[in-house]
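Scroll down for the structure; my scribbles are underneath it.
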Amino acid sequence: MDWKHSTGPVEGRNDEYTLIRDAEDPCLGMFDKPLPCFGCGIGWFSLLLGFVFPFMWYYATILYFRSYYHRDPRERAGLAASAIAAMICTIAVIITIAVLIF
């Protein structure tokens, strides 16, 4: 019996190792380096620091809306969390001012 199965990438294998970093794709190891701000990223650092200095949330919100996370997609979640914190802070300030004035 002659079995003809397609083995895909195994057929052309030379039993040699190949490099992970490829000349055609130089961005392959782009995100191997740690994030800035003590390794947690600008967004999460801004979220934590925002509880002491709330303007950091607005700074991170500006970075989020200007698509800073295209430089490093790992920053997206922290920047979004800071934007949500800025929105909650703004709503709380508006409600507080409305209650004090009226």
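A Cβ is built for glycine as well, from the same backbone N, Cα and C atoms used for every other residue.
Source: prediction; values computed, not measured.
Residues or ranges marked as transmembrane segment in TrEMBL: 42-65 (among others). Counting residues 6+ beyond its ends, the transmembrane segment (42-65) has Cβ neighbours under 8 Å at 35-36, 75-83, 85-86, 89 in the same chain.
According to TrEMBL, the feature transmembrane segment maps to 77-101 (among others). Beyond its flanks by at least six residues, the transmembrane segment (77-101) meets 40-47, 50, 54, 56-58, 60-61, 63-65, 68-69 of its own chain at Cβ-Cβ distances under 8 Å.
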